[in-house]
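Annotated features, as they stand in TrEMBL:
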| type | residues | note |
| --- | --- | --- |
| TRANSMEM | 28-50 | transmembrane segment |
| DOMAIN | 43-295 | domain 'G-protein coupled receptors family 1 profile' |
| TRANSMEM | 62-89 | transmembrane segment |
| TRANSMEM | 101-122 | transmembrane segment |
| TRANSMEM | 142-165 | transmembrane segment |
| TRANSMEM | 200-228 | transmembrane segment |
| TRANSMEM | 240-262 | transmembrane segment |
| TRANSMEM | 274-296 | transmembrane segment |
Amino acid sequence: MSISNITVFMPSVLTLIGIPGLESVQCWIGVPFCIMYLIAMIGNSLLLIIIKSEPSLHEPMYIFLGMLGVTDIALLTSVVPKMLGIFWFHIPEIYFNSCLLQMWLIHTFQGIESGILLAMALDRYVAVCYPLRHAAIFTPHLISQIASVVTLRAALLVAPCLVLIKFRLQFYHKTVISHSYCEHMAIVKLAAGNIQVNKIYGLFVAFNIAVFDLSFITLSYIQIFITVFRLPQKEARLKAFNTCIAHICVFLQFYFLAFFSFFAHRFGSHIPTFIHILISSIYLLVPPFLNPFIYGAKMKQIRIQMVKMFHS
């Protein structure tokens, strides 16, 4: 596919080429991606049904888990159908405004997911360190406030990226994006103008969300471990630790993939482009795919309700 070097004023249509260098096998790459998408959708939907239908699960821990499931479903739906359209049906074109919308949705849902993981860590911190005050602190009103703040923070932080692209970058050298979805820097690099402001703000958003959330999540779990290891009885220590193990697994796999993708994209200049794109795509797919399995395996009440559902 040839890329035009003619400067274009505000192109109405952009082209996503999928995974550069692997165009001939993209149809096969789409198969595991589709399977992971379907399993993630079914798994997260089952979690939501179980949490909604079982009154005993209407607790902060499970409400946050339900919010995480909704976010995962929304994130995958904003990415995977278009990705499969490129891989299987050779429909690479996307309207410029639709591309910006997809970019905003992807980064917003990632920010929301990070915020939910922080809320879950704080919930476990209070439950383990101040168990008698947990119900009084994490009231339904506070949970709704946390959900609103997490959503607004991500949406408002990412929104200026749209404004900066739309009103600062009006001339473009290229209209072909070497990616399988509309990512912020992938769009910015097409522009003919000075993109330094866009780069700086993109890094500001990433570090503002990731560093803030990661710092407080780490501090919460450090305090949790200190409290757990101070418990006199081994059974009590195991019980307290088991309530956190699923969250720790989800937290580790989410941030490990996020930082691996981030540093590979910005500092792995010697890594082939198709590896970058594959890592970025896997980063979006794997957490929503694994989360239902992790919570289903590690949380006894979820597992019991799931068995009851299939038996009935």
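Glycine residues also receive a Cβ, built from the backbone N, Cα and C atoms like all the rest.
Of the two recorded stretches, the transmembrane segment (28-50) lies close to the transmembrane segment (274-296), with three or more CB pairs under 8 Å once pairs fewer than 6 apart in sequence are set aside.
Of the recorded ranges 62-89, 142-165, 240-262, 274-296, the transmembrane segment (101-122) has the largest number of C-beta contacts under 8 angstroms with 142-165. Residues 61, 68, 110, 113-114, 117, 120-121, 124, 127-128, 206, 210, 214, 217, 221, 224, 227-228, 231, 279-280, 282-283, 286-287, 290-291, 294-295, 297-299 of the same chain sit 6 or more residues outside the transmembrane segment (240-262) yet have a Cβ under 8 Å from a Cβ within it. Within the chain carrying the transmembrane segment (274-296), a Cβ under 8 angstroms from the stretch's Cβ atoms is held by residues 18-22, 33, 36-37, 39-40, 43-44, 46-47, 65, 68-69, 72-73, 75-76, 79-80, 83, 106, 113, 178-181, 183, 246, 249-250, 253-254, 257-258, 260-261, 264-265, 268, 302-303, 306, all 6 or more beyond its ends.
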